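What follows is a single structure, written as structure tokens, with notes after it.
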């Protein structure tokens, strides 16, 4: 099973979209294995967005992400990263497909409700910045065999 991290950004928290967002991932069949509310520090943000550090919009992005706490979640499933990114929609929310989280709730390219890891490498890095090992849980879900074939989950 693959794991990915999702952050509900300050605009998603302020707009009361946490439950709706979680509901969409659960309906898809993904399993929540970690969750917490956290205020992102300068250190976390500089590591998280290291690829944007020298860009002119970085200060604005950092300020936005520090505005309120974020809700950080770890979701697990077969090809979870691709599944989550499809549900989330493209970065520029105005152009995201209807039915995706950004397509249904967003209009901005930066204040776009949610972050989702774009690769297994990003997911691993981002998990390490937010979660300790004892905050991620392994458990059998009663619905695993209803969602996946036995071959997909190795059971």
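Note: Cβ is positioned from N, Cα and C throughout, glycine not excepted.
Heads up, TrEMBL stuff is auto-annotated, nobody curated it.
Copied over from TrEMBL:
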type	residues	note
ACT_SITE	115	active site, pros-phosphohistidine intermediate
BINDING	9, 57, 85, 91, 102, 112	ATP binding site
DOMAIN	1-138	domain 'Nucleoside diphosphate kinase-like'
Handout entry: Least buried by Cβ count (within 10 Å) of the recorded positions 9, 85, 102, 115
Key = 85
Practice task
Have a look at the binding-site residues (91, 112) and report the one with the fewest Cβ neighbours inside 10 Å.
Solution key: 91
Practice task
Mind tallying the domain 'Nucleoside diphosphate kinase-like' (1-138) by DSSP state, helix then strand then coil?
Solution key: 66 helix, 28 strand, 44 coil
Exercise for the section: Could you tell me the maximum Cα-Cα distance in Å between the residues recorded as binding ATP, namely 9, 57, 85, 91, 102, 112, rounded to a whole number? Expected result: 23
Exercise for the section: Could you tell me the mean pLDDT over the domain 'Nucleoside diphosphate kinase-like' (1-138), as a whole number? Expected result: 94
